[in-house]
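To start, the structure under review is shown below, and the notes come after it.
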Amino acid sequence: MGKDFRYYFQHPWSRMIVAYLVIFFNFLIFAEDPVSHSQTEANVIVVGNCFSFVTNKYPRGVGWRILKVLLWLLAILIGLIAGKFLFHQRLFGQLLRLKMFREDHGSWMTMFFSTILFLFIFSHIYNTILLMDGNMGAYLITDYMGIRNESFMKLAAVGTWMGDFVTAWMVTDMMLQDKPYPDWGKSARAFWKKGNVRIILFWTVLFTLTSVVVLVITTDWISWDKLNRGFLPSDEVSRAFLASFILVFDLLIVMQDWEFPHFMGDVDVNLPGLHTPHMQFKIPFFQKIFKEEYRIHITGKWFNYGIIFLVLILDLNMWKNQIFYKPHEYGQYIGPGQKIYTVKDSESLKDLNRTKLSWEWRSNHTNPQTNKTYVEGDMFLHSRFIGASLDVKCLAFVPSLIAFVWFGFFIWFFGRFLKNEQGMENQDKTYTRMKRKSPSEHSKDMGITRENTQVSVEDPLNDPALVCIRSDFNEIVYKSSHLTSENLSLHLKESTSEVEAEQEPAASQRMRTN
């Protein structure tokens, strides 16, 4: 590999730095974000509707409860079916011809996002039914989730930690197992491949660090504002840019993959903490219902990048919070030095009265329950709010917008099958041109096996880039750089299996005749 831009962009050090910086940035923005301390109800666009639709705001009547459950169950079912057959197969596979979605690749991630979409749609259908009744306005589904912002942000922080850690670990695991950069980390690779080192390290580090992370986040054991003592305090503009760069880094992790944007390589990425690059779950076979036996198959690469796109949802919500942040909407106000204070008493948060949510009012009025000023009972944050205009804050989305454009550009121009390649989605990346005889033409060749098959390898059409493998069964042309003993073995195995499949019915027919 020549030492060009791609060499350095996809270098192991570059990939590992980006993967681990995302973890640090996510913790930093969680600590600096004033929303993380807000006592008001959390609201998340679309996701909040889905969460509220499934988990809370159930009417008292049994009939209404049954209706609601049936609607969100129907939404999940339709979402799974539409995600698999409409979005994955039709839209991504046939219409857009995206290589990364060939066969069943990426189907579970597509089905997940499709399910969210249909839960959102059915929540509005449910709202329409409630409005028709006239007396059910209190049970309307909105993007408010029924939990406090503080609790939701803690859950989001733990979720992003898990997702970012698994992603960073898989990047590290890949760097230490594969060999596109053979001169990098020789001693580390030798240690990594010894026995079960990578397996033991993963589970040990995961349980240890996750226990510490959950303990610190959920118990407020460590206070960031007491720890940093106001060192380089952030404002809404700097936090918006930080959230934007987190989105950029999420996309960079995917774009730095050696097989981006097609993901059609022959490198199997082992799942973290396991010896296998994929997991299979057998669905119970009911012959009366299903005509075939179905299995759930999850590959390491889609397991990794599927998690990234889930984390991307939380990061987008974090970016939204910074861009449209207004202190009074989150039960907060601005004190001296443009510092943010968080109101903790529930009485002041009932109506979010802007008069009571101010430094002037809370510093001059006494709480009768504590005989102290309201300010003394509020939480002081070193984070600042300078009142920047929306235009200035929206500039923070420019880096993310550029990253999304480049991401789409590479997929559109380099990650799609050509029109004349339609129908080749199921072929291996080494496929160039294939001509097969019908198996019926070989039904007379009884007893032909792999051992007595004659195979010749020649140069087709005087093109040194191609190698032709011709056997008694068929002819296949490979790119010479991809020709391996495994390809040759697979080619012969596929050829003989087709003949054997046709021989078996013929043999059975002769037995019945005799």
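Backbone N, Cα and C define each Cβ position, glycine as well.
Database features, via Swiss-Prot:
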- 1-15: topological domain 'Cytoplasmic' (TOPO_DOM)
- 16-36: transmembrane segment (TRANSMEM)
- 37-65: topological domain 'Extracellular' (TOPO_DOM)
- 66-86: transmembrane segment (TRANSMEM)
- 87-110: topological domain 'Cytoplasmic' (TOPO_DOM)
- 111-131: transmembrane segment (TRANSMEM)
- 132-154: topological domain 'Extracellular' (TOPO_DOM)
- 155-175: transmembrane segment (TRANSMEM)
- 176-198: topological domain 'Cytoplasmic' (TOPO_DOM)
- 199-219: transmembrane segment (TRANSMEM)
- 220-239: topological domain 'Extracellular' (TOPO_DOM)
- 240-260: transmembrane segment (TRANSMEM)
- 261-295: topological domain 'Cytoplasmic' (TOPO_DOM)
- 296-316: transmembrane segment (TRANSMEM)
- 317-394: topological domain 'Extracellular' (TOPO_DOM)
- 395-415: transmembrane segment (TRANSMEM)
- 416-514: topological domain 'Cytoplasmic' (TOPO_DOM)
- 430-450: region 'Disordered' (REGION)
- THR453: phosphothreonine (MOD_RES)
- 494-514: region 'Disordered' (REGION)
Selection from 16-36, 66-86, 155-175, 199-219, 395-415, the stretch that has most Cβ pairs under 8 A to the transmembrane segment (111-131): 66-86
Across the topological domain 'Cytoplasmic' (1-15), average pLDDT on the 0 to 100 scale: 85
Distant-in-sequence neighbours of the topological domain 'Extracellular' (37-65), which means Cβ under 8 A and at least six residues beyond its ends: 72, 75, 116, 119-120, 122-124, 126, 136, 139-153, 313, 317, 320, 329-332, 342-344, 346, 349, 352, 379, 381
Secondary structure tally of the topological domain 'Extracellular' (132-154) (DSSP, helix then strand then coil): 11 helix, 5 strand, 7 coil
Long-range neighbours of the topological domain 'Extracellular' (132-154), counting only residues six or more past its ends (CB under 8 A): 30, 33, 35-49, 51-53, 55-59, 64, 123-124, 126, 217-218, 330
Same-chain residues at least 6 beyond the ends of the transmembrane segment (199-219) whose Cβ lies under 8 Å from its Cβ atoms: 30, 154, 157-158, 161-162, 165, 169, 173, 272-275
Distal contacts, the topological domain 'Cytoplasmic' (1-15) - CB-CB under 8 A, six or more residues away: 171, 175, 180-181, 184-185, 253, 256-258
Contact set, same chain, for the transmembrane segment (240-260): CB under 8 Å, 6 or more residues outside the stretch: 9-10, 14-15, 18-19, 21-22, 25-26, 28-29, 32, 167, 171, 178, 180, 234, 267, 301, 305, 308, 311-312, 315-316, 318-319, 321-323, 393, 396-400, 403-404, 406-407, 410, 415
